[in-house]
């Protein structure tokens, strides 16, 4: 595999100001970069790239979770679902969502993030719209299968894409900002309050992990309509997704050196700073040989086990924290409010720990600290009687949210820091994110209504 390096004349950088009165010549051995230009590059990436990617991930989480909202509006009755058919629909999504991370990321390396990320978004946006046409179990099953395929590679793809712009000591905090969208969008809803003996005061209330997705669903369901409310929900969210995807296809840059927001000096700096950091080795095309070599590395298999383990804890918090709060005996309105608060705190803690990890250029202790926080939260919930110690149990929910989401940013920053070949990096990220997604399967089977309220098996 051949590596492509900058020619000597391409490594000339104007370092004083835009009048180009002075210049430094840099070499591959020692790249000297004007700090003011580098700050400009970083500022543009932070304010022009990250917000768009975060918005895309917001809709990724929104469209993934809206089936839970639809159930609160009676989609299971309209589709005549019986028995465990609704659970099967959810399970099919998780299977394809886990299996297609790796192939999606290899395609992204082959065709670029600028191309593949909007295509993925158009794909799941189209499926969201098509869910409106489903009229039985089979139709919705096929829709969710393809929803998992299109959504699968997005998170892994963004991780790989960001490594083409940010240095090793910058990536964790940026990933945390991006990943924070999952706590804002919301991911799962307690769609049947009676199943968990939750008081609803006669209202059909969507229970949300995040802050906005339930509000969107609630507003849509209040519209006077001729079609079921869940169909309008899919139409609105699917249509908005496709609009954002179309904008992203135009807005996202191909790479740091080919970015329409940068002037010539900034484009040079964008590539030079990665070379100086030693965080990437640019190749002309995808190398299947290098990708397979990465997957056969025993260290990657160990990383996969680690991803799966912290993924179980994270999925459990993501999917079942509303139940943990609700089963402490609060009213429906209070539970909805009290569920949002831990996630807001968790998002802030995620950003703080990720920023600290980048600042100190350290991953392992920050990762361990987050896992310990989550572990303590689970221990408290297991040992404390939530009926008589509501405050303590609620505090444990804050600990769970504070620690559960940190590993995704820290761990994926850690292993991408140590893989410099882009083909190997694409394969590694796709495989490891897929391993973490698999954790949702045992997590969903651990929390059962007949083991409430303590959920001891989980």
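Quick reminder: no glycine exception, Cβ is built from N, Cα and C everywhere.
Please treat TrEMBL annotations as automatic predictions, because they have not gone through curation.
Remember, it's a predicted structure, so these values are computed and weren't measured experimentally.
Features of the protein shown, as given by TrEMBL:
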{"type": "DOMAIN", "residues": "49-458", "note": "domain 'Major facilitator superfamily (MFS) profile'"}
{"type": "TRANSMEM", "residues": "86-107", "note": "transmembrane segment"}
{"type": "TRANSMEM", "residues": "119-139", "note": "transmembrane segment"}
{"type": "TRANSMEM", "residues": "145-162", "note": "transmembrane segment"}
{"type": "TRANSMEM", "residues": "171-190", "note": "transmembrane segment"}
{"type": "TRANSMEM", "residues": "202-221", "note": "transmembrane segment"}
{"type": "TRANSMEM", "residues": "233-252", "note": "transmembrane segment"}
{"type": "TRANSMEM", "residues": "333-353", "note": "transmembrane segment"}
{"type": "TRANSMEM", "residues": "365-384", "note": "transmembrane segment"}
{"type": "TRANSMEM", "residues": "391-414", "note": "transmembrane segment"}
{"type": "TRANSMEM", "residues": "426-447", "note": "transmembrane segment"}
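Pairs of Cβ atoms less than 8 Å apart link the transmembrane segment (119-139) most often to 233-252, out of 145-162, 233-252, 391-414.
Residues 48-49, 52-53, 55-56, 59, 62-63, 66, 69-70, 73, 113-115, 117-118, 121-122, 124-129, 131-132, 216-217, 220-221 of the same chain lie 6+ residues outside the transmembrane segment (233-252) yet bring a C-beta within less than 8 angstroms of a C-beta in it. Below 8 angstroms of C-beta separation, residues 310, 313, 317, 324, 353-354, 356-357, 392-393, 395-400, 402-404, 406-407, 410-411, 414, 454, 456 of the same chain, each at least six residues beyond the ends of the transmembrane segment (365-384), sit close to that stretch. Under 8 Å from some Cβ of the transmembrane segment (145-162) lie the Cβ atoms of residues 53, 56-57, 60, 63-64, 92-101, 103-105, 107-109, 113, 116-117, 120-121, 123-124, 127-128, 171, 174-175, 178-179, 412, 416, 425-426, 429-430, 432-434, 437, all in the same chain and six or more residues away from its ends.
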